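Colleague: Take this structure, written in structure tokens, and hold onto it; I'll ask about it next.
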Amino acid sequence: METEQPEETFPNTETNGEFGKRPAEDMEEEQAFKRSRNTDEMVELRILLQSKNAGAVIGKGGKNIKALRTDYNASVSVPDSSGPERILSISADIETIGEILKKIIPTLEEGLQLPSPTATSQLPLESDAVECLNYQHYKGSDFDCELRLLIHQSLAGGIIGVKGAKIKELRENTQTTIKLFQECCPQSTDRVVLIGGKPDRVVECIKIILDLISESPIKGRAQPYDPNFYDETYDYGGFTMMFDDRRGRPVGFPMRGRGGFDRMPPGRGGRPMPPSRRDYDDMSPRRGPPPPPPGRGGRGGSRARNLPLPPPPPPRGGDLMAYDRRGRPGDRYDGMVGFSADETWDSAIDTWSPSEWQMAYEPQGGSGYDYSYAGGRGSYGDLGGPIITTQVTIPKDLAGSIIGKGGQRIKQIRHESGASIKIDEPLEGSEDRIITITGTQDQIQNAQYLLQNSVKQYADVEGF
């Protein structure tokens with residue numbers, strides 16, 4: 001069902017050259033990206049949108065979407081959904097899809113941003129609470145944007161390439177950030193590819209990806225994502241999982257700077273640095289680091305105050321997640337070994353040796369705590385080690401202390417640990433819920449610690 005949006009309209013293609021034929025220099029630049037495609041071949045592109053953006057694509061009385069269909073002789077649809085996400089589907093040849101995207105991107109909302117005197121003086125606010133900024137207020141196309149491409153899970157390998165070579169090449173050649181999420185969208189075989197950068201670069205990257213996957217047949221069962229089945233507890237790369245409403249930026253992508261998306265130092269494949277940990281201090285259930293370890297008094301300075309509690313050292317004999325019914329570490333739960341009842345994390349860290357503290361604070365030998373894991377969640381080669389999966393079990397009445405209101409707590413744990421975390425619904429007649437954690441060993445250990453800490457802090461307070 002197509003809804004009306006009275007204010008957003010596309011620029012006139014005939015009067016605004018920016019959205020008509022591309023200038024010659026742009027065409028020359030694109031010659032650097034060689035593509036052996038049949039330009040007349042019809043392909044389908046599916047983009048995951050926020051529901052609030054659907055109206056901008058559709059337009060008042062369907063004006064915008066009808067113009068796209070007519071002007072480009074393409075199939076364009078944005079089916080209705082009851083959740084916070086909708087899917088933009090475009091069927092046309094690849095070059096035409098690129099032109100349509102360039103016309104749509106400036107109308108999309110950037111995200112939530114708290115109003116400021118500067119913002120309110122430049123933009124008309126419908127509400128004094130929050131304002132949704134629009135890419136359209138930028139001049140030209142010199143701004144950063146992002147799109148979420150949906151692909152069948154069997155096509156992911158063609159984008160990643162052997163040992164990540166293809167995705168690295170895509171990042172470098174198109175100067176974009178690319179994240180391919182491990183977990184499929186709820187009740188589907190689709191995975192999200194998150195692409196960020198300048199609009200022209202993002203579009204070019206999508207065109208190359210379409211060319212890659214159009215040459216590969218889908219393997220196995222195909223169940224396209226239906227946004228009506230969106231699930232807050234899944235970490236699939238959707239807006240509910242990625243968006244940080246306080247800052248209006250997607251978690252894992254950096255704030256915009258003069259040079260576009262910030263890059264990590266050479267040798268990291270051109271991936272972006274994650275947002276500063278300080279942005280999340282006021283949400284963290286952990287209020288600062290533990291006291292400095294013996295012989296490392298320098299950690300007590302101002303720099304250390306911005307560090308979180310470190311992840312635990314390697315397990316001393318089993319899984320870190322073991323709860324009693326009150327949500328505190330117990331001897332065993334469901335056959336999993338944890339800390340004994342008198343050895344909680346509070347007491348355990350007091351016994352750490354200086355080498356354990358150093359390992360916890362400097363997991364990669366650098367100074368301070370390394371957050372590169374958080375920015376690389378779900379993308380190949382960003383994780384610093386082999387990907388493994390583990391499962392832990394908790395009483396179902398403790399799940400709320402982990403998930404939090406609107407899923408905020410589990411979102412934060414995912415972000416801070418860098419791991420993919422999925423909480424299954426309890427089986428019929430069962431009193432337990434299974435938590436599946438995927439990531440590197442360090443990420444899994446950190447996630448387990450954060451999950452345990454969340455239960456310890458909130459189970460009694462919130463009456464679970």
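A Cβ is built for glycine as well, from the same backbone N, Cα and C atoms used for every other residue.
What you are looking at is a predicted structure, and each value in this text was computed from that prediction instead of being measured.
What Swiss-Prot records for MET1 is N-acetylmethionine, and it gives similarity to another entry as the kind of evidence. The feature N6-acetyllysine is assigned by Swiss-Prot to LYS34, LYS198 (among others). The phosphothreonine annotation in Swiss-Prot covers THR39, and the record cites similarity to another entry as its basis. Sequence annotations record features per position, and here Swiss-Prot assigns phosphoserine to SER75, SER116, SER214, SER420 (among others) based on similarity to another entry. Among the features that Swiss-Prot reports, N6-succinyllysine is placed at LYS219. Look at Swiss-Prot and you will find ARG316, ARG377 tagged as omega-N-methylarginine, backed by similarity to another entry. What Swiss-Prot lists as phosphotyrosine is TYR380. As annotated by Swiss-Prot, repeat '1-1' applies to 54-76. Feature annotation from Swiss-Prot assigns repeat '2-1' to 245-250. Marked as repeat '3-2' by Swiss-Prot: 257-260. What Swiss-Prot records for 267-270 is repeat '3-3'. Residues or ranges marked as repeat '3-4' in Swiss-Prot: 295-298.
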Colleague: What are the DSSP helix/strand/coil residue counts across the repeat '1-1' (54-76)?
Modeller: 18 helix, 2 strand, 3 coil
Colleague: What count of other C-beta atoms do you get within 10 angstroms of the C-beta of SER75 (phosphoserine), across all chains shown?
Modeller: 13
Colleague: Of the modified residues SER75, LYS198, SER214, LYS219, which sits closest to SER420 (phosphoserine) by Cα distance?
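Modeller: Closest by Cα distance to SER420 (phosphoserine) among the modified residues SER75, LYS198, SER214, LYS219: LYS219.
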Colleague: For LYS219 (N6-succinyllysine), which residues of its chain lie six or more apart in sequence with Cβ-Cβ distance below 8 Å?
Modeller: SER154
Colleague: Applying a 10 Å Cβ distance cut-off over all chains shown, what neighbour count does SER214 (phosphoserine) have?
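Modeller: Cβ-Cβ neighbours of SER214 (phosphoserine) within 10 Å number 17.
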Colleague: How many Å separate the Cα atoms of LYS198 (N6-acetyllysine) and SER214 (phosphoserine)?
Modeller: 24
Colleague: Using Cα coordinates, what distance in whole Å links SER75 (phosphoserine) and SER214 (phosphoserine)?
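Modeller: One finds 17 Å between the Cα atoms of these residues.
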Colleague: Hey, what's the Cβ neighbour count for SER420 (phosphoserine) at 10 Å?
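Modeller: If we count other Cβ atoms within 10 Å of SER420 (phosphoserine), we arrive at 24.
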Colleague: On the three-state reduction of DSSP, what should I expect for the residue listed as 'N6-succinyllysine'?
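Modeller: Its secondary structure by DSSP: coil.
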Colleague: State the mean pLDDT for the repeat '3-3' (267-270).
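Modeller: Looking only at the repeat '3-3' (267-270), pLDDT averages out to 35.
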Colleague: Counting across all protein chains shown, how many other Cβ atoms sit within 10 Å of the Cβ of LYS198 (N6-acetyllysine)?
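Modeller: Cβ-Cβ neighbours of LYS198 (N6-acetyllysine) within 10 Å number 18.
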